[in-house]
């Protein structure tokens, strides 16, 4: 298919260069995040472990998802024929690369959303209930939640193939990625329609809750800042108030939420439109790669918002 990314040789070269640079940006940024979080005692906290989990999910996109697209596109550009597996879906063979890469991308996306939600909960407790922070937020509870988020996210990622034999995985010629698709030709089955809509429904439920909690936390921070201007210095340092570090971290998580919501929204629009029968080939390319690019934004947000 002739899409905006690959109608000409120049567009193809630009697309491959973008993918390669994205791989390096994802690997470098998230390896730095892991090195800082896991290699510094100051960051070995519940918030640090959640950020490490987010970095691992982003790393998986840079290690597994994007390189497969680079391989397929370079093969197509150099030999004028894409790898054979790009021409059929996962239902036609015993093993298809997208059987692995597709769930990895979907699962890591869900892990990222769940982790941002958990980060928001952790920061809201630190801001709204600073005296209870240490007793409620513990490393053990955080690790349990991280494990549950990974297990639940990847279960949801493979559920379309588990619960419907109409859904397969294929290398999509529009998005240039492994995507969920109909395994058979014909009218869209209602069961598959409902299963595919689980993704945007789950994601926007969590993102909506995250936005609401962030608004409550940031409103509390704003009120605290106003009170601090009118109180004496001794009262400002009361232990019942959130610390400057907690406030800074809460604002950083708010920025992460906005960035991820903006990057995921095009995918949700595309999924709903696809379910309704719209192909939107060019739009699907930008939607999927905007989401993939989000995997290198977290470390940039950390660097800008919390340089210490």
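Any Cβ shown, glycine's included, is placed from N, Cα and C.
Caution: TrEMBL annotation is automatic and unverified by curators.
Annotated in TrEMBL:
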type	residues	note
TRANSMEM	13-37	transmembrane segment
DOMAIN	29-302	domain 'G-protein coupled receptors family 1 profile'
TRANSMEM	49-72	transmembrane segment
TRANSMEM	100-121	transmembrane segment
TRANSMEM	142-163	transmembrane segment
TRANSMEM	195-221	transmembrane segment
TRANSMEM	253-277	transmembrane segment
TRANSMEM	283-304	transmembrane segment
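For the transmembrane segment (142-163), same-chain residues at least 6 beyond its ends with a Cβ under 8 Å from one of its own Cβ atoms are 46, 49-50, 53, 90, 102-104, 106-108, 110-111, 114-115, 118, 122, 169, 180, 191-192, 195-196, 198-199, 202. Fewer than three CB pairs closer than 8 A are found between the transmembrane segment (49-72) and the transmembrane segment (195-221), and contact between the two stretches is not assigned (pairs 6 or more residues apart). The stretch from 13-37, 195-221, 253-277 with the most CB pairs below 8 A to the transmembrane segment (283-304) is 253-277. Long-range contacts of the transmembrane segment (253-277) within its own chain (CB-CB distance under 8 A, at least 6 residues past either end) are made by residues 109, 112-113, 116, 119-120, 123, 188, 193, 196-197, 199-200, 203-204, 207, 210-211, 214, 217-218, 283-284, 286-288, 290-291, 293-294, 297-298, 301, 305. On the 0 to 100 pLDDT scale, the model's mean across the domain 'G-protein coupled receptors family 1 profile' (29-302) is 84.
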